């Protein structure tokens with residue numbers, strides 16, 4: 001005859017036969033076995049921002065790439081995404097809980113598909129005030145926060161000078177370098193000029 005072992009300590013082993021044993025066997029068969037409570041494996045989430053530096057001209061549309069990779073979870077839709085910018089004025093939040101938080105916003109959006117791990121940020125019609133370092137931050141269901149390495153955005157201004165489009169800092173640097181070169185040239189050539197002038201005077205006297 002088959003032997004049915006108890007799933008819980010203290011319960012009689014039920015063997016088909018006597019009435020009491022039948023009751024015990026019936027009680028055992030109706031007990032739901034509780035699974036062992038295992039600590040859930042922590043998420044290994046990789047937040048990748050590429051490239052590290054991005055350039056754009058005023059008026060262009062910029063996409064700041066951010067991709068999530070998690071081998072344990074095929075679905076990423078329960079993650080919370082935040083984007084913020086750091087510049088000389090400090091930190092400014094652009095997007096929280098997957099939604100833009102900028103007042104009167106019509107330019108900044110999350111452009112990617114979260115379920116595919118794409119949480120890229122799109123900025124329409126960029127201006128010079130959009131320069132700074134942009135960070136993609138993701139909060140996991142267990143509260144852990146993972147942040148990307150950041151993308152530095154530089155905006156080039158259209159100066160309208162012979163069609164040259166470049167940042168003001170670069171133009172000032174070029175002009176300063178040019179002036180410095182002229183000054184050095186004058187200092188170097190001054191003794192030579194004096195000699196030439198003296199030579200010309202001597203020749204004219206002769």
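Cβ coordinates are placed from backbone N, Cα and C, and glycine is handled just like the others.
In TrEMBL, annotation is done automatically, which means it is predicted and not curated.
Listed in TrEMBL for this protein:
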DOMAIN    42-147  domain 'Ig-like'
TRANSMEM  168-190  transmembrane segment
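Across the domain 'Ig-like' (42-147), mean pLDDT in this model comes to 92. The domain 'Ig-like' (42-147): residue composition by secondary structure is 6 helix, 53 strand, 47 coil, according to DSSP.
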